[in-house]
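Structure, as structure tokens:
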Amino acid sequence: MSKIEDEKSEENERGHVATGVTPCFDKDWVLRSNSPEQINHCICLICKQIANNPVEINCAQHENMDEALIVGENCLKQFLSNNNNACPVEPHDGCQYYKAKAVQKHISELNVICQRQFKQDLKTTGRNEEGQTVEDVTAICHFNGKIKDMSYHLNTTCGLKLSNCWFKEFGCSHSCFEIELKQHLIRNMRDHFELVIKKFELMQQIIQQQQKEISKINNDENKNEDYNNYELLKSKFNQHSAINFDILLSSLKLPKTFNGHTHTVYSIDYTLDNGQFLCSSSGDNTVRVWDMKTSKQIQLFNGHSSSVYCAKFSPYHYNNHNRNVICSSSLDKTIRVWDIKDNQQLQIFNGNSNVVCGIDISPFNGGRYLCSGSDNNIRLWDIETSKSLHVFKGHKNTVWCVEFSSLQSKKNNSNKNNSVGVIGGNGYTICSGSGDNTICIWDIETTKQSTIFKGHKNWIRSLKYGSNGLGNSEDQTTILSGSSDKSVRLWDIRSAQQIQLFKGHTQTVWAVQYSPFAVDNIEFGDSSNVICSGSEDNTIRFWDVRSNKKELYVIKADNQEDNGISCLKFISLKMKGKNNNKTNNDYDVHLCYGSRRDSDKNFLVDLFYLQFSIFLVFFLRIQVTWIDQYKQDLFLKNVVDIISFAFLFLHLKTKTNTIKFLCSFK
């Protein structure tokens, strides 16, 4: 039971005032400070105590009665429940009543003493939980106020409120009256610090164990484990297909890790133009840029004032200005554009009234247009002017993810004069996923909603356009989606129907991707019948779109390192020494994911532990001379605050968030 639940239980057992529907008030307690004449018209007909939340019975059968028929709300509800809704005044059905506001106001203004003090005064013999007789109990509460103020008093200022020891988190289970807590802390100071030392020793053991595990990961023997994992992956896929996976998985490399973020990594993107760069956005309010060859962070943008949900490289700036630029969206209601080389903000898109979640950049017109999900709407922006061109309205909750389609017929991709509709988007659409559990497709040319998909039972967290994996890869005929309902679903755009449902994840599916390979051929390209999904359950699962049976393969992240998969990205890196003809031998395909992960901060933790242990030993050996009561109290409080901060510091410093190359397919 939690601390809050303990306190609530204690209050109910003692008959204290609480919010909501509660039992009537003790009449003897109220009479301690009031005359009988003041309360005679407030007596509950059922329990004969002072009515709490009084209601007046006004059935037609009792119209001739002179006195007001007052009952406590809780008493009346219990009576009706136990007596088939029969009236408590006279047995009949259909009891009628209403809240007696005037009586409630009168009762609320009655003066009373503290309820705890009243119950303590009633004791004449026996011992309390500390083994003291009643005469030994020195705690007294001097409250004398109105009933309406009693609940606040009991929860905050009452001197008879039981308080837990400040060292409860370290193992001390003592509780006592608040005014007696200081003496307990003084008498048991040495015991408390022994508990603290034991806690630190336990932490040191945990840290040492983690160090051993990290060393094991870096050991050459781990390569053999990775090879075994590769063999297992290959055998799993071969159960479903006759393909020789040696062609696809000729080498399984050790993962690369990009450390630096201090909160969840929400998105990953990459560019192969003028270098091989990776960008990431995070709940730590930053956008970071990484060199994929060295795994080093080369740039940091911290201009957002809140979590950054999405970051994308801008092809428009590279095509027109030969600059590597990133667009990012944030909880701070803005979209910002960053120049990597000059480390500066180039543009800011304002106009959103709420958080901006997912963004995507158009595959047409050189990437000039950007769409974003915010509020219940999708906005279309001109990157060149930073202006909003159109708002697509129709969702009933926040739009979490958006994506542009590729042109329905790739033959039109070369048509640079495709200038119809709002932005010249003939044949293009935008797909959006929302907290209203629906997926919508919007026609850019007509600015109308063309299709809506219903089936998910919770928020849509990720979606992707794709082909059906069985036909022409140039036509995008399907949508892949992941949801907080733990499912992955495949939808047919032409029929607006769900065609596959994939179940296996046990928590929210944050990311879905079409893989760059298929199990029935070895040709890399846009057509794929293998999909993958990443979930908060810390797994990445591979599925065959032609079957909704059990997943093809499950990659389980390290529970000691990763606390959920937050985003996925397949990255194709061109191999050196090859010609420009695109074949399956020209590219290394990497699966990259973002997560929250324990970090190797052992030096920092060990150093901090050593310094703090020295402080504790020194403290236990010195003689403390109390100057006055104020300084004594202040010293005790500061010591506990320092220790509490120390543990919070250790917890925060041993957590970081990473981007990892999980595996690569050559």
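The backbone N, Cα and C atoms fix where each Cβ goes, glycine too.
Annotations in TrEMBL come from automatic prediction, not curation.
TrEMBL has this to say about the protein:
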REPEAT    258-300  repeat 'WD'
REPEAT    301-348  repeat 'WD'
REPEAT    349-391  repeat 'WD'
REPEAT    426-452  repeat 'WD'
REPEAT    453-501  repeat 'WD'
REPEAT    519-553  repeat 'WD'
TRANSMEM  603-622  transmembrane segment
TRANSMEM  634-652  transmembrane segment
Same-chain residues at least 6 beyond the ends of the repeat 'WD' (349-391) whose Cβ lies under 8 Å from its Cβ atoms: 306, 309-310, 312, 314-317, 319-320, 327-337, 397-407, 413, 418, 422-425, 428, 430, 432, 434, 436, 442, 444, 447
Long-range Cβ neighbours of the repeat 'WD' (426-452) (under 8 Å; 6 or more residues past either end): 360, 362-364, 371, 373, 376, 378, 380, 390, 392, 394-405, 407-409, 412, 418, 420, 458-463, 465, 479, 481, 483, 485, 491, 493, 496
Secondary structure composition of the repeat 'WD' (349-391) [DSSP: H/G/I, E/B, coil]: 3 helix, 24 strand, 16 coil
